[in-house]
Amino acid sequence: MDDAAGSAESEDGRSHLDARNTAAEFRVYKTRLFILFVLCLLNCSNAMVWLTFAPVADQTAQYLRVSLNLVNWLSLVYVVVAIFFSLITTWVLDSLGLRFSLIMGSWLNMLGAILRVIGMLSCIPERAMFPMVMGGQTLCAFAQPLVIFAPTKLAALWFPDHQRATANMMASMANAVGLLLANIFSPMILSYTNTLFMLLLIYAIPATVACFLATVGIRERFPPTPPSASMVTPSSEFFLHEVKLLLTNKAYMVLLVCFGSGMGVFTCFSTLLEQILCVKGYSNDFAGLCGAVAIVFGVLGAFLLGLYVDKTKKFTEVTKINMCLTSLGCSVFAVVSQLSEQKFIIGAVCAWFGLFGYSVYPVAMELGVECSYPVGEATSSGLIFVSGQIQAALYLLLLQALAKPMVESPLSVCATGTDANLSWTVPVLVMAGLCTLGTCCFVGFFHTDYRRLSAEATASPNRVTDQSTGGDTWANSTDA
């Protein structure tokens with residue numbers, strides 16, 4: 001166990017420091033901006049692959065000669081993989097390092113995207129098309145945890161304390177941008193090209209570029225000198241012991257359950273939005289626009305929050321206020337979504353929901369690192385993500401079970417079918433209740449010290465120097 005812990009230390013980049021290095025000034029390097037760009041591109045590409053088929057589910061079912069339920073599994077496979085393999089991914093990030101994880105994730109993402117393209121070639125038998133596309137989706141699903149858990153690790157490893165929240169925000173929100181692009185371009189490309197092959201080929205291009213940049217451009221596992229004091233402190237805990245520390249950390253467990261519940265509610269909102277609105281006469285185009293507005297305002301809010309938190313370090317206050325405002329928006333949505341001809345109000349509520357709900361995600365991830373330090377960044381953020389995925393799956397099952405068929409639905413513009421016209425009055429109220437319950441518990445029970453900031457405040461020095469190239473080195477032999 002000690003050997004394993006030592007290995008984790010080495011890859012994490014902390015154990016190479018000696019007393020002389022600890023006394024030296026902290027430095028940051030321009031390389032960090034390149035790695036941030038690669039991670040943003042990779043995160044965006046993976047999200048585009050994830051949501052490729054959801055906006056064009058009907059056409060996808062026709063092209064692949066399968067049912068809509070099977071098409072839905074092209075997206076659901078991401079959730080299944082995340083639930084069962086996220087713990088392994090956190091170990092990979094914290095033990096084998098950021099460089100290995102990004103390169104491995106980029107190759108899985110690229111190979112999955114290419115396999116989807118190959119599955120649509122004319123020489124492929126019709127019965128093999130869907131299995132190959134699903135195989136490609138599954139490979140990309142394995143890449144997702146490696147990519148989506150990386151922002152907190154990158155921010156801690158390469159950025160000084162006054163830039164960490166902003167770096168984490170940019171890398172995390174790239175995923176939202178990818179979802180937005182998929183919502184916009186999947187219908188557009190398919191309507192212009194009339195072929196699924198061209199859609200998948202276009203989506204494979206950014207995956208390939210990201211893989212090339214990660215493999216060729218990321219040459220160091222960690223910077224030559226640390227950007228902050230938190231990277232000087234050794235992290236010597238074995239992975240399973242880190243998990244045990246998290247599960248016995250009261251503040252972290254409150255964050256894990258309550259913010260994970262919020263993530264689950266947001267997933268339900270995004271997944272069920274079209275089905276909730278079509279019953280009241282709102283078109284699919286309007287529902288898609290509402291989803292896009294929520295994402296755009298979420299990215300805008302995350303940018304502003306990242307800058308604010310970097311300056312003030314008010315992680316807890318920002319998270320609590322945003323969760324309260326999100327609960328308010330969710331409650332209003334539960335009411336107005338059951339009214340017809342209220343496009344402006346519904347659009348405004350979706351913008352509100354995205355502005356305060358989605359934008360707080362990177363701040364909450366940073367808060368998880370602060371309250372659990374010195375546990376590895378990928379482990380602390382990874383468990384919160386897993387909690388959100390599990391609760392999302394449970395909430396979706398609950399809300400769908402509560403949705404009952406409507407005897408009459410004169411306003412409905414839903415697709416024809418026995419399960420098309422459902423009453424969502426009770427489910428949206430339950431969703432608002434779950435969101436409010438999680439928020440109340442978090443506001444009432446979450447209290448923590450900022451352990452990482454405290455460790456950095458007691459360390460010396462306080463000066464951070466920006467360097468364009470690496471210097472004398474506690475990591476000269478780190479290139480793999």
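One is the number of the first residue shown, and numbering goes on along the chain from there.
Glycine too: its Cβ is placed from the backbone N, Cα and C atoms.
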- request: From the ranges 321-338, 393-410, pick the one that TrEMBL records as transmembrane segment.
  value: 321-338
Query: In the same chain, who gets a Cβ under 8 Å from the transmembrane segment (33-53) while lying at least 6 residues past its ends?
result: 60, 71, 74-75, 78, 98, 102, 105-106, 109, 112-113, 116, 137, 140-141, 143-144, 147-148, 150-151, 154, 158, 167, 170-172, 174-179, 181-183, 185-186, 199-200, 203, 206-207, 209-210, 213-214, 217-218
Task: Using Cβ atoms only, state whether the transmembrane segment (344-361) and the transmembrane segment (422-446) have three or more pairs under 8 Å that are 6 or more apart in sequence.
output: no
- prompt: Where else in the chain does the transmembrane segment (196-218) make close Cβ contacts, counting only residues six or more beyond its ends and a cut-off under 8 Å?
  reply: 34-35, 37-38, 41-42, 44-46, 48-49, 52, 56, 59-60, 63-64, 99, 102-103, 105-107, 109-110, 112-114, 116-117, 120-121, 133, 140, 185-186, 189-190
Interface present between the transmembrane segment (251-274) and the transmembrane segment (171-190) (three or more C-beta pairs under 8 A): no
Field: Stretch in 100-121, 141-159, 321-338, 422-446 most in contact with the transmembrane segment (251-274), if contact is a CB pair under 8 A
entry: 422-446
